[in-house]
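Enquirer: What TrEMBL records for this protein is below:
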type: COMPBIAS; residues: 1-11; note: compositional bias 'Basic and acidic residues'
type: COMPBIAS; residues: 548-564; note: compositional bias 'Acidic residues'
type: REGION; residues: 1-32; note: region 'Disordered'
type: REGION; residues: 48-83; note: region 'Disordered'
type: REGION; residues: 543-564; note: region 'Disordered'
type: TRANSMEM; residues: 93-110; note: transmembrane segment
type: TRANSMEM; residues: 130-151; note: transmembrane segment
type: TRANSMEM; residues: 158-176; note: transmembrane segment
type: TRANSMEM; residues: 182-199; note: transmembrane segment
type: TRANSMEM; residues: 219-237; note: transmembrane segment
type: TRANSMEM; residues: 296-318; note: transmembrane segment
type: TRANSMEM; residues: 356-376; note: transmembrane segment
type: TRANSMEM; residues: 388-407; note: transmembrane segment
type: TRANSMEM; residues: 419-437; note: transmembrane segment
type: TRANSMEM; residues: 508-525; note: transmembrane segment
Amino acid sequence: MVASADRRESFGVDSSMFHHRKPANGANKDKSSDVAVYTISVVGGYENQGFKQDEQSGDGGLAKPPPMGDDDGSDDHLPKGKFKMSPKEKWRILKNVSTISLAFMVQFTAFQGTANLQSSINAREGLGTVSLSAIYAALVLSCIFVPTFLIKRLTVKWTLCLSMLCYIPYIGAQFYPRFYTLVPAGVLVGLGAAPMWAAKATYLTQTGAVYAKLTDQQVDGIVVRFFGFFFLAWQTAELWGNLISSLVLSSGAHGGGSGDNSTMLSEEELRLCGSNFCVMGNHALDNLERPPDSEIFEISTIYLTCIVLATIIIALFLDPLSRYGEKQRRADSQELSGIQLLSATAYQLKKPYQQLLIPITVWIGMEQAFIGADFTQAYVSCALGIPSVGYVMICFGVVNAICSLLFGTIMKYIGRMPLMALGFIVHSTLIWILIVWRPHPNNPKLFFTISGLWGVGDAVWQTQMSGIYGTLFRRNKEAAFSNYRLWESAGFVVAYAYSTHLCARKKLYVMGVVLCIGFVGYIIVEIRHSIKARRLRRLAEDPKSEPLPDETVNETDDEKDDIDDEIIVTHL
């Protein structure tokens, strides 16, 4: 990554001056070996400068000329970001992507399985939903202060390990679920989740950029493909987590009569399910009765083992990101204060693309909260019984995983907009169906169909929005993905906050409005981005040309990030 900001400022040289350095003709290829060696200069990454650029713009001052260097011709003044790499390194990159994907799959086998049951097994006084709300409320604050600080101090790899361990107390609290155990444990999960997801996103985008250069492919396509593969593995956690809970609950005394539980409900009671379901008024339904503690303890023990295993996978098998240009923050930069970290996140919010993407990012959190809490409780548990929750959510996870891989692959052929349009159509249609549909145990296939289709839409948002953030804000990846998690978490918090106060019908109305607003904001981003791309192509063909008046777009540093100048590969 780039040299420290202090070093660049002292020389008065922008890192872009080194982007077009060409090797001497006599050094283009190593004649002693048939294997090409690449010199990769990684100059992308997060610069936590707050509002420094605003302060410097418009001062009219001239940058200091670069020093001439030492007499011996050394390049000690150059940014310390260049390193040699064999083309075979691409296989090691794929191994690392597989490792981080596997670890997250095992990690979220435990967490997703636990979270999907919270609104059902801890339904009394909304304890389960409150604990989930605490997770994402803490995650909002964590996104602002924790990720950049923790990644700077521990590096990406060890940030992942520490953050994963933060999930252990929440799983352990299932042995004694009370407000004073579940809620504090949920807060700890939220504090650890933000740096974990920011570190994961930084790792995938950075290695994706290096892989693209080694294979001579477009960076955008590789990053989206890496995210697609990651979410393929991550979404299968829904399968394994729910399979574990369903098998345990179905084999126990509570699950043995799941079908009998549903038939015990009268037609009058079934009318209280679906969009008519209200959390505060339906506690007396037999299908919402908590399973025996022994079954919950068995499930939690399995989940705790998964958390420990995921941490071991990262610690033993993931290469540190320093291998691919991670900045050595301990040695190269001074410790940043909390105010500076906050200013970096706030500065990201000044960017027009970020502002326009906020509603659709909030929607992603709301739709995940709905399928994991409201759909499972108001539709599945109410009509079919708690043991059926896992099986229905397995369908969601399997379809989501398959579509994550599929959409990440076909994006390069059909583009991003058709996929985003698909997600909008699928989810808007499902919202209307859920409003008018009356769930009944005699039609179990409908539960699986709706769950699977919801997974199709969620796969679109997960893969494409991660790719959008990774490509639009390449120079500020950590701050951008912190904002992504912040606003996604805000969607979770909003959904869980009104979960116990609004009936399902009103929740669906709110979600429909947010989805429409978010999709409009996304369309505006695509239009602005296409206008800028045409201007850049015209300027590349004729550097003296100027943008037409109707195509003028105000430039900010994030709008320059998609110029492919971050990594330069030359044959030695």
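Residue numbering: from 1, along the chain as shown.
Quick reminder: no glycine exception, Cβ is built from N, Cα and C everywhere.
Map these features onto the structure and tell me what's around them.
Expert: Residues 160, 164, 167, 171, 200, 203-204, 207, 210-211, 214, 226, 229-230, 232-234, 236-237, 240-241, 244, 302-304, 306-307, 309-311, 313-314, 317-319, 324 of the same chain, all 6+ positions outside the transmembrane segment (93-110), place their C-beta atoms under 8 angstroms from a C-beta of that stretch.
Under 8 Å from some Cβ of the transmembrane segment (182-199) lie the Cβ atoms of residues 111, 122, 127-128, 130-143, 146-148, 150-151, 156-157, 159-160, 162-167, 169-170, 172-173, 478, 481-482, 485-486, 489, all in the same chain and six or more residues away from its ends.
Sequence-distant contacts of the transmembrane segment (388-407), counting only residues of its own chain at least 6 positions beyond either end whose CB sits under 8 Å from a CB of the stretch, comprise 112-113, 116-117, 120, 228-229, 231-239, 241-247, 249, 258, 371-372, 376, 380-381, 419, 444, 447-448, 451-456, 458-460, 462-464.
Counting same-chain residues at least six beyond the ends of the transmembrane segment (419-437), those with a Cβ under 8 angstroms from any Cβ of the stretch are 274-275, 367, 375, 379, 407, 410-411, 446, 450, 453-454, 456-457, 460-461, 463-464, 504-505, 508-509, 511-512, 515-516, 519, 522.
Counting residues 6+ beyond its ends, the transmembrane segment (508-525) has Cβ neighbours under 8 Å at 275, 353, 356-363, 366-367, 370, 420, 424, 427-428, 431-432, 434-435, 468, 472, 491, 498, 502 in the same chain.
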Enquirer: Three or more CB pairs closer than 8 Å, sequence separation of 6 or more: does that hold for the transmembrane segment (158-176) against the transmembrane segment (296-318)?
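Expert: Since 3 or more Cβ pairs under 8 Å link them, the transmembrane segment (158-176) and the transmembrane segment (296-318) do come into contact.
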Enquirer: Cβ under 8 Å to the transmembrane segment (130-151), counting only same-chain residues 6 or more beyond its ends: which ones?
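Expert: Residues packing against the transmembrane segment (130-151) from afar: 46, 48, 115, 118-119, 122, 159, 162-163, 170, 173, 179, 182-195, 198-199, 202, 329, 336, 338, 341-342, 344-345, 365, 369, 373, 478-479, 481-483, 485-486, 489-490, 492-493, 496-497, 499-500.
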